[in-house]
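Trainee: Taken from TrEMBL, the feature transmembrane segment covers A:12-30, A:36-58, A:65-84, A:90-110, A:117-135, A:155-173, A:200-220, A:240-265.
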Amino acid sequence: MAIFKQAKHFWTYIVLSLVIFGVIQFMITGQMLNLFYVNTLIFIAINIILAVSLHLIIGITGQFSIGHAGFLAVGAYASGIITMKLELPFAAALLIGGLVAALAGFIIGFPSLRLRGDYLAIATLGFGEIVRIVFLNLDYVGGASGMQVNHLTTWPWVFGCILIAILVIVNFTNSTHGRACISIREDETAADAMGINTTYYKVAAFVIGAFFAGIAGGLYAHNFYIIQPSNFGFLKSFDILIFVVLGGLGSLSGSVIAAVLLTVVSTFLQDYPETRMIIYSIVLIVVMLYRPQGLMGTKEITSIFSKGKRSKGGAKDGNKQTVA
Amino acid sequence: METNKPLLKVDNIGIRFGGLRAVSDVNIELFPGEMAGLIGPNGAGKTTFFNMLTGVYVPTEGQILLNGKKLNNLPPYKITRNGISRTFQNIRLFGELSVIDNVKVAYHSQAKHTLFSSILRLPGHFSGEKEMEEKATEFLKIFNLDRFKDEKAKNLPYGQQRRLEIARALAANPKLLLLDEPAAGMNPHETKELMNLIAFIREQFNLTVLLIEHDMPLVMGVCERIYVLDHGQLIAEGTPSEIKNNPKVIEAYLGEEVS
């Protein structure tokens, strides 16, 4: 029974998100949205993927990673090389970008996640900077002046990637494997004592998170005609971290909402470059003062609709937010 | 009573933290179905001893054998899978998870569905999760916790949290259960209930239990054999009445007699 009910919900969300997709696609092809809005929309979508991928690492597994822009950069450059130097199709570029980022995640994650404490934060911080400096000094990808990339990222691609990212992360979270990750976040010693292979799950969550950050990187690279190492600095990592913290640690829909809100705020503040960072910071401070647990706390949007029921993850609500 | 083969054999175990010998030369043998207690003054090394048994600390000397299998150097989760499960002195539940999910975490190592099948929602995922749900619900009924099933663990009253922690430890399907001060913070009535619970689970699950406790009536009431630890060394071993009258134990607890 419960499974049927769940399946019904599942298809409701899928249909809902496809309708939203269709409406926006119709508006784009009908030229009802100008280029600026389309670009903003795609930028929001990329940020959503980044937010949910980091949500899996920080919000679910409780591992503090502050080098997410590093995976974004790896994915961006890897996919850029695939399309520009090897001239393979975009789909292959996205996939390989994700896989290379996942590999990078494994290389960083495996040694530092075996330990407890702040090692991962330090390792990822260093990783983000190393990646940036490597690309800065690599003539093959253009060094500081950047790498020319074709514009290939379109709304259907971005939408497809969000859908897959959210589905995978929700499916992961709402299973015994996701519970294992949450138990690590809640109490690692107790999780260990309950027979959970903590290293395995920390690394698994980290690698999946890195994979989707890499895919976001591929979309990001093919949206701007050019990628430069300076796009992937320390501040970019913090932007992503803020989505997750502001949305509420442990809430997927929260991180999606925060990604949408903050991207919109920062896009519209571009008209006021002098005060942009000031207003942005004030927004963050106000939210943290009045909702220290984040916008959503640990709740999901779906749990508001099905009141009294336990949250089943904010799955496809994410796509609803892209309209905002 | 004693059968020929011990379930747990702790052989000359000890641990150093730098120059400090926290525990040394401890020998303990537990036989299947036995109920033993470990007592000692504060700082005697009881919890350190538990931490060595469960792999949190790696002993620097000696060895731990469970059914003849050497357990030192195994990571904690493998030791649990080999059949030693524990509770903690300060309750360590997964607070944000529901009561039933706490139990399901303990079932995780017995799960049949893989990460891959869960992500793709293959049929294996659904049957695996369903089986877990049913098992966990049945299990909570045994402990009278099924009415709190969907409550967050951190919202349970203290006594129920203790109960849930013991239930969770049992769900991991241990042969040996280690209880670290289960009666800490309980009033006499709750302690009485706890004693009944311990006796009940021992019968029901055919367990061997080792418990650390400061509550003497509880230890003397439920344990068949008691080990006394002081300054990291085993100073006495015996039945409750032997321990009560052992001069070394009295000395450890009350200080040396003035002569």
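The chain as shown is numbered from 1 upward.
In case you wondered, yes, glycine gets a Cβ from its N, Cα and C as well.
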Trainee: Does the transmembrane segment (A:200-220) come near the transmembrane segment (A:12-30), with 3+ Cβ pairs under 8 Å (pairs 6 or more apart)?
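Mentor: When sequence-distant Cβ pairs are counted, the transmembrane segment (A:12-30) does not touch the transmembrane segment (A:200-220), since fewer than 3 lie under 8 Å.
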Trainee: Can you say which of A:90-110, A:117-135, A:155-173, A:240-265 has the most Cβ pairs under 8 Å with the transmembrane segment (A:12-30)?
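Mentor: Looking only at A:90-110, A:117-135, A:155-173, A:240-265, the most contacts with the transmembrane segment (A:12-30) come from A:155-173.
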Trainee: At a C-beta cut-off of under 8 Å, are there same-chain residues at least 6 beyond the transmembrane segment (A:117-135) that contact it? List them, or none.
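Mentor: For the transmembrane segment (A:117-135), the sequence-distant neighbours (Cβ-Cβ under 8 Å, at least 6 residues beyond its ends) are 63-70, 73-74, 77, 104, 108-109, 111, 141, 143, 229-230, 232-234, 237.
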Trainee: Under 8 Å for C-beta pairs, could you tell me which stretch among A:36-58, A:65-84, A:90-110, A:240-265 has the largest tally with the transmembrane segment (A:155-173)?
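Mentor: Most Cβ pairs under 8 Å with the transmembrane segment (A:155-173) come from A:36-58.
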Trainee: What else in the chain is close to the transmembrane segment (A:65-84), if you only count residues 6 or more beyond its ends and a Cβ gap under 8 Å?
Mentor: 50, 53-54, 57-58, 90, 92-94, 96-98, 100-101, 104-105, 108, 120-121, 123-132, 135, 141, 147-150, 152, 206, 209-210, 213-218, 220-222, 227, 229, 231-234, 236-238, 240-241
